[in-house]
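S.K.: Copying in the features that TrEMBL gives for the protein in this structure:
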type	residues	note
ACT_SITE	HIS11	active site, tele-phosphohistidine intermediate
ACT_SITE	GLU89	active site, proton donor/acceptor
BINDING	10-17, ARG62, 89-92, 116-117	substrate binding site
Amino acid sequence: MSKHKLIILRHGEGQWNKENRFCSWVDQKLNNDGLEEARNCGRQLKALNFEFDLVFTSILNRSIHTAWLILEELGQEWVPVESSWRLNERHYGALIGLNREKMALNHGEEQVRLWRRSYNVTPPPIEESHPY
């Protein structure tokens, strides 16, 4: 039995998450619900007596802030946090900023599911003029 545990957590909610928009690499901050989600996660982990040696995050503010809030709730602010772009969520190309439900109406739910979840189907390419 391993002495090590890998805990995988998702960042708290940001405004674009709430609006059901493709966020991708746009550096959205946590909204009030996301701040509370992160703190609540930390409280739950504390109740389970989790202790961290190291934390890895993407380079996105929402992920780093989530990690900091969790560590603060745990009273483990000294734990090193390493960030890498390699942990960023998928880049959604031209879909960034668009509403998922509207995209499903325009392109079909199956196509949107493939863009979001497939490992071998790429989203539409982003143009240089894209706002994000």
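Using the three backbone atoms N, Cα and C, a Cβ is placed for every residue, glycine included.
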S.K.: Within the chain of TRP16 (substrate binding site), which residues six or more apart in sequence place their C-beta under 8 angstroms from its C-beta?
M.R.: PHE22, CYS23, VAL26, GLN28, GLY97
S.K.: Does GLY14 (substrate binding site) have same-chain partners at least 6 apart in sequence with Cβ under 8 Å from its own Cβ, and which are they?
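M.R.: Spatial neighbours, sequence-distant, of GLY14 (substrate binding site): CYS23, GLN28, LYS29, LEU30, ASN31, GLY34, ARG62.
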S.K.: Tell me the Cα distance separating ARG10 (substrate binding site) from GLU89 (active site, proton donor/acceptor), rounded to the nearest angstrom.
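M.R.: Just about 10 Å between their Cα atoms.
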S.K.: Counting every protein chain present, what is the number of Cβ atoms, excluding its own, within 10 Å of the Cβ of ARG10 (substrate binding site)?
M.R.: 12
S.K.: Starting from each candidate's C-beta and looking 10 angstroms out, tell me which of the recorded positions HIS11, ARG62, ARG90, ARG117 has the most other C-beta atoms.
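M.R.: Counting every other Cβ within 10 Å of each candidate, the maximum falls on ARG62.
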S.K.: Enter the number of other CB atoms within 10 angstroms of the CB of GLY12 (substrate binding site).
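M.R.: I count 25 other Cβ atoms within 10 Å of it.
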S.K.: For TYR92 (substrate binding site), what residues in its own chain, 6 or more apart in sequence, show a Cβ-Cβ distance under 8 Å?
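M.R.: Non-local contacts for TYR92 (substrate binding site): PHE22, SER24, TRP115, ARG116, PRO123.
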S.K.: Quick one: give me the count of other CB atoms within 10 A of the CB of the residue listed as 'active site, proton donor/acceptor'.
M.R.: 15
